[in-house]
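Working notes for the structure below.
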Amino acid sequence: MFRRALGKTVGFVGYTIQYGCIAHCAFEYIGEFVSCTGPSMEPTITSNDIVFSERISRHLYRIEKGDIVIAKSPSDPKMNICKRVIGLEGDKVCTSSPSDVFTTHDYVPKGHVWLEGDNLRNSTDSRSYGPVPYALIRGRVCLKLWPLNNFGPLNESPNERIPRSS
């Protein structure tokens, strides 16, 4: 009887470890569900929306201008940020805020991207902390899951800040 119970316990632990490893690989290499908070991506993503962030594009270096990404915050590595890619390495980007009297421009350095929130007046983004290293990108948001009435692919930027290819 003891041997049978031990065998079942070991079998259960083995299956638990296997499924845990499969889940880890899925979330690490395929994608994850993310709950977004804060006003920086409004109106595209509002607080408490749930999105799916796929990671394959990041691994294949397929992140493009206009994509919405989840990245580690350059100012707080414990926090993730959700922003839109405005510029890739070598691109000339506007580094000033909409309320600035004079506009300033800069080039995105090699291995970096320029990220901004869609809500320009209420977003802490690359205009505050500069270009973000590509390695901090965790995934590309491809689908809004919640609320259900907004289910589907995400809209294009409501701003005209994404520059044409230089």
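Keep in mind that glycine also has a Cβ here, set from the backbone N, Cα and C atoms.
Automated prediction, rather than curation, is the source of TrEMBL annotations.
Remember, predicted model here, so these are calculated numbers, not experimental data.
TrEMBL lists 18-95 (among others) with the feature domain 'Peptidase S26'.
All protein chains shown were included, and the count of other CB atoms within 10 Å of the CB of S40 (active site) stands at 22. According to TrEMBL, the feature active site maps to S40 (among others).
Per TrEMBL, active site is recorded for K83 (among others). Taking Cβ-Cβ distances under 8 Å and a sequence separation of 6 or more, the neighbours of K83 (active site) in its chain are S40, M41, I68, V69, A71, L115, E116, G117, S123, D125, S126.
TrEMBL lists 102-146 (among others) with the feature domain 'Peptidase S26'. Nonlocal intrachain contacts for the domain 'Peptidase S26' (102-146), taken as residues 6+ away from its ends with a CB within less than 8 angstroms of a stretch CB, comprise 31-34, 39-45, 48-55, 57-58, 61-63, 67-72, 74-75, 80-96, 152-154, 157-159, 161.
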